[in-house]
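Residues or ranges marked as domain 'Major facilitator superfamily (MFS) profile' in TrEMBL: 20-439. Here TrEMBL flags 20-41, 53-73, 85-102, 109-133, 145-167, 174-194, 206-223, 235-252, 272-296, 308-330, 336-354, 366-386 as transmembrane segment.
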Amino acid sequence: MTTPTEATRPDGSERSPWPALWALVIGFFMILVDSTIVAVANPAIMADLGADVNRVVWVTSAYLLTYAVPLLVTGRLGDRFGPKNIYMIGLVIFTASSLWCGRAGDIEMLIVARAVQGLGAALMTPQTMAVITRTFPPDRRGVAMGLWGAVAGVATLVGPLAGGILVDALGWEWIFFVNVPVGIVALVLAWRLVPALPTSTHRFDIPGVLLSGVGMFLLVFGIQEGSTWDWDGRIVGLIAAGLLVLAVFVWNQSRTKGEPLVPLSLFRDRNFSLANVAITTMGFAVTSMVLPLMFYAQGVRGLSPTGAALLMVPMAVVTGVCAPFVGRLVDRTHPRYIAGTGFTLFAISLFWLGAVMTPDSPTWQLLIPLGFVGLANAFIWSPLAATATHNLPPARAGAGAGVYNTTRQVGAVLGSAAMGALITARARRPGARRRGRRR
């Protein structure tokens, strides 16, 4: 990797960046947990609010849609107005809408509240990565990204477990109410501990904002709803239109004078480009793994939602314990070797897991490969984030973080849609139900 220049040296280096990072990861953990926590609560929400399956699915879809679509814009807002300011605005929106979700009296109100909650999450997420980039020097960024990666990896796995426990003990409303005290604490800590970093004075790229928003909405919405509409011509048209608008967006960015929404020069950095491809792949793989695992645990093994979610504990624990140590290793060696090891281990672990997912396998045979999946997660998240941010100048940290988190979310949406389509197709095959009954 290249030696950092003056443009890539951190801001605010006279104070320790660790208190700010700890303050930020509380909110980051909360918003990622909310990406997966609702899945376990869907049956309870359906029964309490009298909703059908098609509408209750939108409780999750609305959140993921408004979370993924604005990330390119919200990352740039951090560059323009300061990551601390945008993070705190997003945290207020997220916390208030969590209370709104818990108080929702019908499914329509809950869906709207979740959409607002997703917007708050979109405002927050790029700022956490941008603050790390701007306050930690590249040669000490691996440990920080290790913590960030541990939080990201653990949070997405903890969501189903926390959801199952809260729904069983207190009711579905508490998967949202629990965010309120946590959000208040996170807001106070962010206000006191996160530094106010210098801002840039460029004019905002309004055409870029509109094109990216429309293109991302059409693409993500089309992918999300593909299985619901049986991938008919309307879905193909939406996805094609989204790709076309995004192509126009890229063309517009290449011709924009001044400061574009997404400076395409970011992609001249090979490390940044490859890290984005890799995190898209990782988002796809993790999301597409969880869905069939939950169906297997509940449908084949007959586990309760909480029992099924407990299968995720080895992954969460191993990722959380190992990621900071991997971060230290990232500071001493090239991240590509660590990430390569992680992806290899991830592939082997998934093959192993698939081989033991039979009706008669004892539980311990599932827990071992799941633990190795957690180890692979630890070897992937931190090196990729450190690679993506290594050469980012402070003035473009938000833009880079927005792109990185957008590609991660798009990968997750693609993984969920692909696995949903595969499961639906297999369920419709002649004899599928008959084979299922014989088991």
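Cβ coordinates are placed from backbone N, Cα and C, and glycine is handled just like the others.
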Feature contact check the transmembrane segment (145-167) with the transmembrane segment (20-41), CB under 8 Å, 3 or more pairs: yes
Close approaches to the transmembrane segment (174-194) from elsewhere in its chain (Cβ under 8 angstroms; 6 or more beyond its ends): 19-20, 22-24, 26-27, 30, 34, 37-38, 41, 83-84, 87-88, 91-92, 94-95, 98-99, 101-102, 131, 162-163, 166-167
Residues of the parent chain within Cβ reach of the transmembrane segment (85-102), under 8 Å, 6 or more residues beyond its termini: 24, 27, 30-31, 34, 74, 77-78, 109-110, 113-114, 116-117, 119-124, 127-128, 131, 173-174, 176-177, 179-180, 183-184, 186-187, 190-191, 194, 196
Which of 53-73, 145-167, 206-223, 235-252, 272-296 contacts the transmembrane segment (366-386) most, counting Cβ pairs under 8 Å: 145-167
Whether the transmembrane segment (336-354) meets the transmembrane segment (145-167): three or more C-beta pairs under 8 angstroms: no
Cβ-Cβ under 8 Å with the transmembrane segment (235-252): same-chain residues at least 6 beyond its ends: 207-208, 211-212, 214-223, 225-226, 229, 260, 264
